[in-house]
Structures are given as structure tokens and as C-alpha cells.
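*Asks:* As annotated by TrEMBL, transmembrane segment applies to B:21-43, B:72-94, B:106-128, B:140-164, B:196-217, B:223-243, B:255-277. Positions annotated as domain 'ABC transmembrane type-1' by TrEMBL: B:68-271.
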Amino acid sequence: MRTRFSKIFTAALLAGTVQFGALGMAFSQETLINVSYDPTRELYREFNAAFIAKWKADTGNDVTIQMSHGGSGAQARTVIDGLAADVVTLALEADINAIAEESGKIPADWRGTLENNNAPYTSTIVFLVRKGNPKGIEDWDDLIRDDVEVITPNPKTSGGARWNFLAAWAWARAEFGNEDQAKEFVGQIYRNVPVLDTGARGSTTTFVQRQIGDVLLAWENEAYLAIEELGPDAFDIVTPSISILAEPPVAIVDGNVDQKGTRELAEAYLDYLYSDEGQALAAKHFYRPFRPETAAAEDIERFGDVELVTIEDFGGWGEAQPFYFGDGGVFDEIYRPGQ
Amino acid sequence: MALSATASGWRFKQPSVIPGFGLTLGFTLTYLTLIVLIPLAGLGVRSAALGWSGIWTIATDPRVVQALRVSFSTSLIAALVNAVFGVIVAWVLVRYRFPGRRILDAIVDLPFALPTAVAGIALTALYAPNGWIGQYLAPYGIRLAYTPTGIVIALIFIGLPFMVRTVQPVMEEISREVEEAAATLGANRFQTISRIILPGLAPAILTGFALAFGRAVGEYGSVIFIAGNIPYVSEIAPLLIVIRLEEYNYAGATTIALIMLIFSFAVLLAINLIQAWSRRRFGYGN
């Protein structure tokens, strides 16, 4: 009697251990945390659903994907401070570089581990103007006119705003041929900025809801999203002659996936961004896909023609970040009093 | 341990009906250390990485100086406005009985509970040039949102309950007989208020002022939506701290925070001293 009881007890205990052990393992292997930035909410909602279905079909396993959205720099900081992200899909190379430097969880040479400098989709900076373009804004030189108010967030707190800044700089450099005049020009643009919001969404609110300003410098995908959500009768998109190729990069957080045993899943997840389905979804959500031929033709036709400079023309983010946006950098100089 | 203290009329351990002095004091110290002292010490440690010269460079940086000036001056104005209007609100709530008084009383607490970003967005919607109130002011060239005035408005909003809730209970304590006595002795209304009521309220008003001021100095969420955030004009010190964090410059951020903390502490200490003095001089209940 006694032995039987203890046998049952042992068996139950053993079964329990196996059960929960397996559950625990299943949990750690089949959950993926993607730390991203604000404007990718809609894209990844759809992409994750597609990936979950594909993963189920390929491996028979269920996978749960947790998303975290926020300002790109703030998101990078949460990863540095220990959020166990498997992959990061941020707005700026500089933010992933910061994770690599500060936490060591991403190797310094992460850029190049995936195709196209780890950017499965790209975007650029365009102008969102009020319907009918009442101020007749066509290109960057219109932004320094006295009767034009420009809305852009603060490059210190917003990744998107750094692309805005560099896009304006690229135009001025091409136009005037030297850096001093480019600085003067960009400074004049910022003197036409009445409200310097802390993030891209804040600037969109200022421009769209508060009706402040004549032109919003925006990510192309955000501009299309704003038009889609707020109705095409309120705004127009103006594509300037020169803009910048914004490459929001993605990367695996090696330090975390090795610890959690999720490397295979994380690699499959990022690779799927480069697949035909991933590329089509990126185009659908107004990002310019790395391989446009895989996306729907009508999604591609929406994008305006523009000459795109790249961050390499500024010496890469490692050089551009401290020079333009660091403490005491060019942006701080623009706001020196007395100018 | 408490020997010499007893001699001076002060004892370390006061007998109480509730037992467990050692336990509760231990808990209090542990709790305060974990929640307040260690994080504050962290500020010091992070800043110390810069050394004195580094801290001095940051403290004298014109942009930092200007941001601190904006933060402290707007907080001061907002706390002063609250000191006047908060007392009036408290007065109405304590002295008059009217329909809806309890609802009004509850509404005063709302700024405590509301996420400050929501308050900022709501206030901006009101005072922006195309807002409900702003649109009537814009034609006259009056701009409230996206100027330092906008910051003051946001800070008044978040500071009001501190003022009202501090003054209210003290006001309830002042008995009407004192006022009646003053009246029978020939004092007019103005004399009653300035000689009888205000002195009695002074310590509470100062406490409320200190709380509203302290809250305003550190306020971030509501302000950044209405401030416009233009460097040297409407950039507040907490935003500058966030900017330093965005640059991954933890030491720079904590140093600005430390400077704010020292300033605030000095101001609050001064207010406390005045308060202690006025309590001795006019105090109620002591």
C-alpha cells in the first residue's frame, strides 16, 4: 500500500517535472521579442501574423511575438538596460551601434550580417503640405522663406528628425557646394520652426491636429500613413528634388538569443523580412522595399522620383552622429544665441 | 543611548500605545533608503564620473543655464499663481455650501490622477492658435501655447491640487468665532483677512507653495506638449536631461538633474525655514 502510494506520487512528480520542464523550454524557444520604433506598428502587426503562419507551416511550432514600440533612442536604451530583446528593428544605425557599444550584446560589425546593410526596407524624407499646396512649396529652398513655417521634431530626441536634418543638408550642399552655406541654410530652416516636438508622432499631431505650420518634414511612410488615416482631401505629399535614403536597420541581439536559445527563430524572423512576402508587406505599408520587383506594382508606383543621398555621404553614422547631433555639435551651434 | 537626550527634554524613543518602535523605524529607514536615498545617491555617483571640472562645465553651459532659468522661473510663477487662486478655491470649498460642492471638491484632485501627457495634450488643444481658447486670442497676437506662458499654464494645472489640499484642512480649523471677535472689536473685512485669517494660513500656504513649486520644477510630460521646446526660449531642464539621455550621455543627464535637485533643495529649505518661523509667530494648533 505504502509503496504503491509512493510510486504513484513519484510518477506524478516525474510527469509534472517533464510536463513543466517541456513547457518552460517551449516557452523560451517559441517567444520572440521584437523591439522596434513608433511608425512600424502597422507594418509589424501584419508581418508578425504572416510569420507566425509560416513558422507553423515550416516547423509545426507555435510562436508568440511580443512587440515593443517607442522612440528609437529610448528603445535602444531599454535593450542596453537589459530588456531581453531577440531582435531590434530601429530607426537608426546609430541606435544599434549604441547597443553594441554599451551592452556588447551585438557585435560591432553587425552591419553587413544581412543584405543591404541590414535594411530590408528603406524610406526617405518628404514634405507633407496642406491640400492644394497653398504656399507653393516645391523644394528645400522654399523652407527658408519668411512666410513658411516648418514643422520637424528635435533631432536630439527623434531619430526621424536626424534624417530630416541631413536631407536638408544634402540639398544645400549640392546647391551651394560648401558646408558653411549648408549650415547657414539649415539654420535658417530651423529658425522657421515654431514648435520643436520630441518625436515624429508629436510633430505629426502638431501639424495635422493643431494646424500649425505650412510643411511637415516627415518619413515618407509616415506621410502616406497620415494621408491614409486622415483622408486624402486634407494633405498633399511633395517629394523634394534631393532627399536622403533612410535605412532603418534590423539586427539580432546575439547576447540575448544565445542565452535564450532563440537564434534559429530570430534568424528566420529577420530573413523573412527579405522574402517576397516580407518585401510586399513593407511596400504595402509605404516602406520602399529592398527588392521592389517582389512587391505589388501599384504599391511601388506611389513613391515619387527623388535623388537619394546616403548616410555614407556624411561619413556614416559613426561620424555623422557626434558631428551633427552630439553635445556641442552642429545642431547645437544652430541654436547658439545671437544668431 | 537616549540618556543625554532625556536631560534636554527630548527622548529618542517616545512611548506609544502602538508597539514596535524598533520594527517600524527599521522599516521606515530601509524603505526610505531603497526608494529615495539609493536612487539619489546614484545621481551623485553617475555625476561624479565627470569630476568637478566636468560638472562645472555642464553647470555653466549657457544652454543648461537658460533651461534651468526657464524651469525655475515658470515654476515660481505657477506656484505664485496657485498660492493666490488655490487659496480662493479652498476658501470657496470650505466656507460655502452650494449644490455640486462635493463634485467640485473631487475635481480638484483630478490633476493628481491624470497622466500628465494627457493634460499637456488637452491644454495644448485649448490654447493652441486654433484651439478653443487660443483662436480668440490669436487675432490679437497673443500666443499662449508654444511659449513660456504655455509652460506656466501647464504648471498651474498640475500644481493646483497641492495648494488646495494643503490649505483646506487648516482653513477648516480656523473657527468663525475668531472672525466674529475681530468684527466686534471693530475690525473691517480687510483687517480681518490680513490680520487674522492670512497669518493663520501662512504656514499652510507656504507648504502648498513649496509642494506645487517642487512638483513643477520636475514636471516633464505635460510641459513638452505645450512648450514648443525651442532651445534658449522654451526648453525646460527636464527636456534637456532627456536629450542628454538620448545622446547616451548618462553622466551629463544626471549632472543636470543633480543641479536641479540642489537648487530645489535650497528653495524648499528656505521655504521650510520661513514656514517654521511663521508657525511660531502666528501658528494655529501649536
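Residue numbers in this text run from 1 along the chain shown.
Even glycines carry a Cβ here, placed using N, Cα and C.
Could you give the neighbours, burial and distances for every feature on this list?
*Replies:* Here the transmembrane segment (B:72-94) has long-range neighbours at 101, 104-105, 108, 148, 151-152, 155-156, 159-160, 162-164, 167-168, 171-172, 201, 205, 208-209, 212-213, 216-217, 219, 236, 263, 267, meaning same-chain residues at least 6 beyond its ends whose C-beta is under 8 angstroms from one of its own.
Remote same-chain partners of the transmembrane segment (B:196-217), defined as residues 6 or more beyond its termini with a Cβ less than 8 Å from a stretch Cβ, comprise 71-72, 74-76, 78-80, 82-83, 86-87, 155, 158-160, 162-167, 169-171, 174, 178-179, 182, 187, 237, 260, 263-264, 267-268, 271-272, 274-275, 278-279, 281-284.
Long-range Cβ contacts of the transmembrane segment (B:223-243) within its own chain (Cβ-Cβ under 8 Å, at least 6 residues beyond either end) map to 62-64, 66-68, 70-71, 74, 117, 120-121, 123-124, 127, 145-148, 150-151, 153-155, 217, 253, 256-257, 260.
With a threshold of 8 Å between CB atoms, the same-chain residues lying at least 6 positions outside the transmembrane segment (B:255-277) that come near it are 40, 43-44, 46-47, 50, 54-55, 58-59, 64, 67-68, 71-72, 202-203, 206-207, 209-210, 213-214, 217-218, 237-238, 240-241, 244.
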*Asks:* Near the transmembrane segment (B:140-164), which same-chain residues lie under 8 Å Cβ to Cβ, leaving out any that are not at least 6 residues past its ends?
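*Replies:* Same-chain contacts beyond the flanks: 70, 73-75, 77-79, 81-83, 85-87, 89-90, 93, 108-112, 116, 119-120, 123-124, 127-129, 131, 133-134, 205, 208-209, 211-213, 215-216, 219, 222-223, 225-228, 230, 233-234, 236.
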